[in-house]
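Note sheet for the following structure.
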């Protein structure tokens, strides 16, 4: 994306980043729900999509190809000295987080998944304190407390609400918790790479997705999921089109996020992605008839308020002295 300085005027760069992130991940979210929660076929023989490993495999292949193109045209001067084993280790948590997140959609609705994934500051802070010995400002803890309160309100259902799936905290929520924890580990690994090897975003995107492709490729062959998916795709060929678009919007969205961080910093990027997630929940409610109670809306607002305040006031960290 280095070439974008000459290709895009300064005054248009922020609107381009905002629209790029918003449109790509907005459509990504719609496709994700359509693929994973849609019904295929007619009548009593309707089927659901259960091929989480294959979905993430295709996504990683497209991400790796896209990163390779970016390096080839815009990032040829950078020499990557990051240790190979670090990429391999990071890819394990990266794959686990994405597979868990997609698998969770078989058990929880999309607003719950988006809200759950929005709680990333919680494991990041916990892992930062325990593994990296970081100290955070009071504002950070208050923001995380606000997020926790919002999630608690969203998950609490005192009585049955018409049209809302009634369930206790179960396997879907555990998958989201696992995804969040693995996201935190991925973030710690990526911070280590940047701090010790000055790893570029495009090289990181390429190598982590390449290793993830190898892991997932072995997984879908070993479990036989690949052949089941191909049979499913033969019965419902439109799924291929949706999955390819899903992977493409993911890769484009990542590139716009990196561009936003480079030119405007993590604060602006955090505000844009937080806004996008809120409107993705709204779209899911409207387009896919995922009703949300008034208490859940209050919880949703609290979560995004906590995320917004965290982006503004909770970024200061310092390492403890040893």
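Including glycine, each Cβ sits where the backbone N, Cα and C put it.
In Swiss-Prot this protein carries:
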TRANSMEM  12-32  transmembrane segment
TRANSMEM  51-71  transmembrane segment
TRANSMEM  85-105  transmembrane segment
TRANSMEM  136-156  transmembrane segment
TRANSMEM  168-188  transmembrane segment
TRANSMEM  210-230  transmembrane segment
TRANSMEM  243-263  transmembrane segment
TRANSMEM  285-305  transmembrane segment
MOTIF     318-322  motif 'Di-lysine motif'
Contact check, the transmembrane segment (285-305) vs the transmembrane segment (85-105), 3+ Cβ pairs under 8 Å, seq sep 6+
no
Is the transmembrane segment (85-105) packed against any residues at least 6 beyond its ends, judged by a Cβ distance under 8 Å, and which are they?
32-33, 36-37, 52-53, 55-56, 59-60, 113, 116-117, 172-173, 175-176, 178-180, 182-183, 185-186, 189-190, 192-193, 197, 204, 207-212, 215-216
Can we call the transmembrane segment (51-71) and the transmembrane segment (168-188) in contact, meaning three or more C-beta pairs below 8 angstroms at a sequence separation of 6+?
no
Using a Cβ-Cβ cut-off of under 8 Å, list the residues of the same chain that are 6+ residues beyond the ends of the transmembrane segment (243-263) and lie near it.
1, 4, 13-14, 16-17, 20-21, 24-25, 27-28, 31-32, 35, 55, 58-59, 61-63, 65-67, 70, 201-202, 205, 269, 272-273
Sort out the residues at least 6 away from either end of the transmembrane segment (12-32), same chain, that have Cβ-Cβ distances under 8 Å to it, and list them.
4, 102, 105, 110, 114, 242, 245-246, 249-250, 252-253, 255-257, 259-260, 263-264, 268-269, 272-273, 275-276, 279-280, 283-284, 287
Hey, which bits of the same chain come close to the transmembrane segment (136-156), Cβ under 8 Å, at least six residues off its ends?
112, 115-116, 118-119, 121-122, 125, 128-129, 169, 173, 295-296, 298-307, 309-310, 313-314, 316-317
